Structure formats: structure tokens, C-alpha cells
Amino acid sequence: MDKKTLRTQLKAKLATIDRPKYEQKSLHIATKLYSLPEWKEAEKIAITISNVPEVDTWQIIRKAWEQQKKVCVPKCLSDQKQLEFYELRAFTDLEKGFYGLYEPIKEAKKVSKDSIDIIIVPGLAFTYEGYRLGFGGGYYDRFLANFTKKTISLAFKEQLIDSLPIETFDIPVRTIVTEDQIIYV
Ligand code: ADP
Ligand code: MG
């Protein structure tokens, strides 16, 4: 199946998860994430601001702050399809940006790629090998091309799929955390 059809299918599947299930699954995933050594050791975490039906990341950001970790969130440079990360110190330092997604305000401090310890990589679906179906912009494939540290994706088990069309530029993630398992690829 091609990526476009798969994206439509995955969105439809995720839309069937009701709010109580969404919250409970997200909580289980977050709890599993906090148990990972990669999480415990990380001082600076790059993460997206989730939009339903993606696994909730707002609670993860709160936890990171609670644990004195630095949090940085992406801004999409839509013309070049590139990402830049900025430090996030409060939720009120977000504004609606490209694609209607929350992005850091202009005043936020830019963060260098080298200083990030882990990137929580978003996606619609993942294979057991860590290959990922994104939202179609290829933003993370570009950003991860020269990123050498840990990458983790958070996924509902409904987002695990057996195969995906993989292209030369697709970069797999190292770890996938679902409500049932931790997959090291
Ligand atoms: P996503 O990863 O968001 O699911 P795709 O993998 O389909 O999206 O990639 C979207 C587009 O981005 C592709 O058409 C591809 O040509 C482009 N792309 C991905 N990675 C790179 C890269 N490293 N350099 C240049 N273009 C890239
Ligand atoms: Mg891709």
C-alpha cells in the first residue's frame, strides 16, 4: 500500500479511539517512557506538541520540567521543509504556527542539534524495524539524517504495522514505546 493510502487508513483507525481510551493509553505509554534509561539520562529532550489523536505529549513535557529536564519543541520552516528546535519553558510560550500546529514563539531560544539528548519523533505508523510513516512532509527524515543520538517514538499499538514502503531517505527510530511494549530496533 502506498504511503498516502496508509496515512488515510491510519487516521481513520486512530479516530475510533475514544477519549477515555486515548487518555489511558497515553498514560501507559508515558509511564513506560519514564522507565527507560534514555529518558532518565536525558537532560534535553526534543518533543512535539501533540494534537489528538497522536499520543499525548503535554503530560510528558510537564514531567520533564518536573524532573528539571530542558524541553525543546520544533518549528517547521515550510519553504525548505526543515525543522528548528527552540527551548520551551512554559506552555504560554507557544503560538499557532504552520499547519495550525503549536510552535514556539519568536522570542524562544534556539537550540543546537548537538545539544539534544533524545528526540521523541512523531509519526502516524511504525514498523517493528523502526521505520516510520510521517505526515508526509519528510521533515524528520531531513532533521534526523545527521542526528547521532537517541530517537524514540511513542505509538498506540494500533499504529504498529507489518510493512511500509521504505524510501532511501527514510530514517528509522531506535526505540518505539507502546502501551504494551518497548521495542528496541
Ligand atoms: P514522511 O516521512 O513525513 O512520512 P516521506 O517519507 O513521504 O514523508 O517524505 C516526504 C518527502 O520528503 C519525500 O518526497 C522526499 O523526497 C522528501 N525527503 C525526505 N527526506 C529527505 C532528505 N533527507 N532530503 C531531501 N528530501 C527529503
Ligand atoms: Mg519518511
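For all residues, glycine too, the Cβ spot is worked out from N, Cα and C.
Here is what TrEMBL says about this protein:
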| type | residues | note |
| --- | --- | --- |
| BINDING | Lys3, Lys4, Thr5, Leu6, Arg7, Arg132, Leu133, Gly134, Phe135, Gly136, Gly137, Gly138, Tyr139, Tyr140 | ATP binding site |
| BINDING | Ile49, Glu54 | substrate binding site |
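Positions of TrEMBL features highlighted on the structure.
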residue : record                 : Cβ neighbours (10 Å)
Lys3    : ATP binding site       : 17
Thr5    : ATP binding site       : 9
Arg7    : ATP binding site       : 16
Ile49   : substrate binding site : 19
Glu54   : substrate binding site : 20
Leu133  : ATP binding site       : 21
Phe135  : ATP binding site       : 15
Gly137  : ATP binding site       : 15
Tyr139  : ATP binding site       : 19
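Under DSSP, Gly137 (ATP binding site) is assigned to coil, being neither helix nor strand in the three-state scheme. Reported as a whole number, the C-alpha separation between Glu54 (substrate binding site) and Phe135 (ATP binding site) equals 11 Å. Separating the Cα atoms of Thr5 (ATP binding site) and Ile49 (substrate binding site) is a whole-number distance of 25 Å. Here the Cα atom of Arg7 (ATP binding site) is found 19 Å from that of Ile49 (substrate binding site).
Closeness to ligand 1 is met by Lys3, Leu133, Gly137, these being the binding-site residues among Lys3, Arg7, Leu133, Gly137 whose Cβ falls under 6 Å from the molecule. Checking each of the binding-site residues Lys3, Leu133, Phe135, Gly137 against Ile49 (substrate binding site) by C-alpha distance, the shortest gap belongs to Phe135.
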